[in-house]
Amino acid sequence: MSQEKYIMAIDQGTTSSRAIIFNKKGEKVSSSQKEFTQIFPQAGWVEHNANEIWNSVQSVIAGAFIESGVKPNQIEAIGITNQRETTVVWDKKTGLPIYNAIVWQSRQTAPLAEQLKNQGYVEKFHEKTGLIIDAYFSATKVRWILDHVEGAQERAEKGELLFGTIDTWLVWKLTDGAAHVTDYSNAARTMLYNIKELKWDDEILEILNIPKAILPEVRSNSEIYGKTAPFHFYGGEVPISGMAGDQQAALFGQLAFEPGMVKNTYGTGSFIIMNTGEEMQLSENNLLTTIGYGINGKVYYALEGSIFIAGSAIQWLRDGLRMVENSPESEKYARDSHNNDEVYVVPAFTGLGAPYWNQNARGSVFGLTRGTSKEDFIKATLQSIAYQVRDIIDTMQVDTQTAIQVLKVDGGAAMNNFLMQFQADILGIDIARAKNLETTALGAAFLAGLSVGYWKDLDELKLLNETGELFEPSMNESRKEQLYKGWKKAVKATQVFAEVDD
C-alpha cells in the first residue's frame, strides 16, 4: 500500500454508525457499519445510549482501516455527518452522559412543545429559528433532561454540564474533550439558534431557561475543529475538518451548490431540501427554513420538508406485516399489481410531517375491496412515499415561485426503480439518481477535504459525482392529477379521524 492519502467520513445515523474511506476521485475505498440499540422506554419515546454510539464509532473506524489496509496516518482529514436534533447532555469532567440521548423521532417532549405553542411563541420561534415548534427539535429535549435528572438545572447553571447534538458529542470524544463545537447546519436544528443573526438566541434560551454555558461554539461546515487524540484514532492525530447534519451533508454531496437545486434522500424518513442561496426565506406553508451549509465565509440557506415515514414504510411491510422478505422484493410485487391504483396507504405512523405537521395523525388505508391483493397493498405503500414527496415539492414551488425542473435523489429506497418511475410520473419532472448513493458520507468527506486542500474548490468536486440514471415522467396529466387528488382526499380523511374528541 503506497502512502496515498484519503478522507474518512463518519456517518452516525439513527440505527447504525458507519465509517467510509474515500479516495481523491470520491470513490469508496472501504466501509464498516455497526448497528446499536434502540431504546423505547414508553410508547412514542425513542432514546439511544450515547456511550454505545461512541463505542460503535470507534468500532467502525477500526473496521474501515482493517478492510482497506489504510493506516491512520494516511487519513488527511475526517468529516462527520450525523442524525440531526438528537440530544446529549453530559458531565464536563467525567465525560459521562447524565441521561440517554433523546432521539429526533422521540415524542416524549410533545407536551412541552404544545405548552410553548399555547403560550403564543409560534411566530417568534419561526422568525428567529426558521422552524415550527415541535418535539422533533433539540430545544425541548434539552429542557426535558434538565427537568428530569435530579440537580441537572443547577449543575448546568454552574457550568458543570455540556449539551451537544451527535456531531458535538463525537468531536468532543475524538479530541478527548479539547473541542466543544457544532456547525451551522446542526445548530440550525436545535430551535435555539438564530439563523439570521448566526448566534444562540438569548431570548429563546431565557424562555426555556437553558443556561448558555452548556452550549457548544458554532462554526462553519468546513474548517479544522480540532485533531483526534492519538489514543482515540489508533495512533493518528488527524484534523476533523468537515461537519454537517445528514440531510445538509447529502445536499452538499449531491453538489446542489446553486440556488433552486433540490435533493431528496429516501432513508428511514424522506428529506427534501432546496438550496435557496444567501437569502433566508421563511416558508408561508409549513416548510422549515434552515441553514444548508456555511463555507468560505458565506452561509447558504435552505428550505426543507421532512417526511417521517418513507423507507420505514417498506420495513413495516417486511417486519410488521411480513408481506415481503426483503425491501428490494417490494418492487417486484408492485409491478405485479394490476389494479387501478385505487388503494391509498397514508403511513402516518408517527404523525404527519411537512406540510401538515399533525402529530396526532396515525396510519390509515383507503379504497380496499374484496379484490385487493397483497401486491396492490405493497404498491400503494410505495406510492405513498412518492405522494408525500409531491406534497412538499408543490409547497416549495409555491413558497419560492420557482419551477423545479429536476429532483436529485439518493438514499436506500432510491434504488427502487418502480418508486423512482412513479415519483417522476406523479411530479411530472425528471428524477436524477446519483451514481454514488453514499451522498451523505460523501458530502461530509467533501467538506473535510476542501478545508485541508485535499480538493481544491467546488469546481473540482463537480467533476466527481455524476448522475447514475435519469427517470423521465411518462404518465399523462389527467391521470397524474386524478391519482394525486385521491391522495389528498385520503390525507384529509386521516386527519379527520385523528381529531381529538372533546
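Positions of Cβ are set from backbone N, Cα and C atoms, glycine also.
For the recorded site, Glu85 (sn-glycerol 3-phosphate binding site), the DSSP three-state label reads coil. Spatially close to Glu85 (sn-glycerol 3-phosphate binding site) yet at least six residues away along the chain are Trp104, Tyr136, Phe137, Ser138, Lys141, Thr165, Arg189, Thr190, judged by Cβ distances under 8 angstroms. The sn-glycerol 3-phosphate binding site annotation in Swiss-Prot covers Thr14, Arg84, Glu85, Tyr136, Asp246.
Annotated ADP binding site per Swiss-Prot: Thr14, Arg18, Thr268, Gly311, Gly412, Asn416, in sequence order. Long-range Cβ neighbours of Asn416 (ADP binding site) (same chain, at least 6 residues apart, Cβ-Cβ under 8 Å): Ile314, Ser327, Pro328, Ser330, Glu331, Leu382.
The local packing around Gly311 (ADP binding site), expressed as other Cβ atoms within 10 Å of its Cβ over all shown chains, amounts to 21. In the three-state DSSP scheme, Gly311 (ADP binding site) is classed as helix. If you look up Swiss-Prot, you'll see Thr14, Thr15, Ser16, Thr268, Gly311, Gln315, Gly412 marked as ATP binding site.
Marked as glycerol binding site by Swiss-Prot: Arg84, Glu85, Tyr136, Asp246, Gln247.
Residues or ranges marked as phosphohistidine by Swiss-Prot: His232. According to DSSP, His232 (phosphohistidine) sits within a helical segment. Within the same chain, residues at least 6 positions away in sequence whose Cβ sits under 8 Å from that of His232 (phosphohistidine) are Gln58, Lys173, Leu174, Asp176.
What surrounds the ATP site, by Cβ distance within 8 Å of the Cβ centroid and not counting Thr14, Thr15, Ser16, Thr268, Gly311, Gln315, Gly412, is the set Gly13, Gly267, Ser312 from the same chain. Listed in sequence order, the residues Gln83, Thr86, Trp104, Arg189, Gly245, Phe271, Ser306 complete the 8 Å Cβ shell around the glycerol site centroid, once Arg84, Glu85, Tyr136, Asp246, Gln247 themselves are left out. Neighbour density for Gln247 (glycerol binding site): within 10 A of its CB lie 28 other CB atoms from the protein chains shown. Closest to Thr14 (sn-glycerol 3-phosphate binding site) by Cα-Cα distance, out of the binding-site residues Gln247, Thr268, Gly311, Gln315, Gly412, is Thr268.
For Ser16 (ATP binding site), the same-chain residues 6+ apart in sequence whose C-beta sits under 8 angstroms from its C-beta are Gln33, Lys34, Glu35, Phe36, Ser56. Here the CA atom of Gln315 (ATP binding site) lies 9 Å from the CA atom of Thr268 (ADP binding site).
If you count neighbouring Cβ atoms within 10 Å for each of the binding-site residues Thr15, Thr268, Gln315, the highest count belongs to Thr268.
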